[in-house]
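Just below is one structure, and these are the notes that go with it.
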Amino acid sequence: MAPLPALITRENFKSFLESFDTVLTDCDGVLWHEDRLIGQAHVTLNTLQALGKKVFFVTNNSTKSRDDYVEKCGRLGFKATKEDILSSAYVLAQYLKQQGFQKKVYVMGMGGIVKELQAEGIQSTGGEPEVYDGGSLSTLMDKMKLDPDVGAVACGFDPYLSYLKVMRAASYLERPGCLFLATNTDERFPVASKGLVYPGTGCVVRCVETVAERPATVMGKPSTKMFSVIQEKNSLDPKRTLMIGDRCNTDILFGKNCGLQTLVVLSGVTTQADLEKWAASDDPEQHALLADYCLTQLDDLLAFLDPKQEQC
Ligand SMILES: C[C@H](OP(=O)(O)O)C(=O)O
Ligand SMILES: [Mg+2]
């Protein structure tokens, strides 16, 4: 057994608010679902910023560049500069920069990865559809040409996942020293409608890992790399930093791996039933998924915050 996350109430709100200086907030499932704002998440963060809290946006979503996220945040009413945004695509490009990587990257993913690599002067190939045309495997082998300059494979969310792309990635990974990087391994996107399930980046990464017979190095949450990149330009006190997320095996685990306070919201993938299952378990790995605090959704805080910052 383990204690459930504490609900934030009028009684404990003041001590909660005074316990942190910085917020790291997840995006999909906390702030928005694709392009749809979740409640008044923007008013909540803007109010916290007006109270002097520093806010960083930390997303495993590699489909967009930081510039794209600055535009999205502005459009949805959030206050964010490029320096406030950490995406898994940005962390991947920083990782290769720190490795002094000079070759080319084969990208299974979208524009976010390509743009962040370009920003660091790193060349890439891939990033577009490659569809199997029904030919024999030997025909495929004859037709497939590999780029001699590729020295790394980067797997991100790729809606054009295909047999040929997995074949290409795994073939590059046969090369001695070829790096194998993944932006994240989230199993699903936190968008559920009409009983449909939206596969996340995890299916792309696990597919290539299976064929390559080797694990990828994961850049996004729960890895602490995202926090290390923030700390290169800031000196945050982990104990006075709050991580807010909707997925416990990435966001909350990331917060715990970095020594942060953690708050889970139930507006994304995690449900109250999940929390009760993990709390009732005897498995320490399930206990590790339990956050310090819980809210149904982020803007529940507005019940205690006055958007005009007149504290109750
Ligand atoms: C859903 C997740 O994005 P995040 O919740 O980290 O913003 C992802 O892109 O797989
Ligand atoms: Mg999320």
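Even glycines carry a Cβ here, placed using N, Cα and C.
Unlike curated records, TrEMBL annotations are generated automatically.
Features as listed in TrEMBL:
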{"type": "ACT_SITE", "residues": "Asp26", "note": "active site, nucleophile"}
{"type": "ACT_SITE", "residues": "Asp28", "note": "active site, proton donor"}
{"type": "BINDING", "residues": "Asp26, Asp28, Asp246", "note": "Mg(2+) binding site"}
{"type": "BINDING", "residues": "Lys221", "note": "substrate binding site"}
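Structural mapping of features recorded in TrEMBL.
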| residue | record | Cβ within 10 Å |
| --- | --- | --- |
| Asp26 | active site, nucleophile | 28 |
| Asp28 | active site, proton donor | 22 |
| Lys221 | substrate binding site | 32 |
| Asp246 | Mg(2+) binding site | 24 |
Three-state secondary structure, the residue listed as 'active site, proton donor' (per DSSP): strand
Cβ-based neighbourhood (8 Å from the centroid) of the Mg(2+) site, residues Asp26, Asp28, Asp246 excluded: Cys27, Gly29, Val30, Leu31, Thr59, Pro190, Gly245, Arg247, Asp251, Val265, Gly268, Val269
Alpha-carbon distance [Asp26 (active site, nucleophile); Lys221 (substrate binding site)] in Å: 10
Contacting recorded positions for ligand 2, chosen from Asp26, Asp28, Lys221 when the Cβ sits under 6 angstroms of any of its atoms: Asp26, Asp28
Integer Å distance between the CA atoms belonging to Asp246 (Mg(2+) binding site) and Asp26 (active site, nucleophile): 7
Cα separation, the residue listed as 'active site, proton donor' to Asp246 (Mg(2+) binding site) (Å, whole number): 8
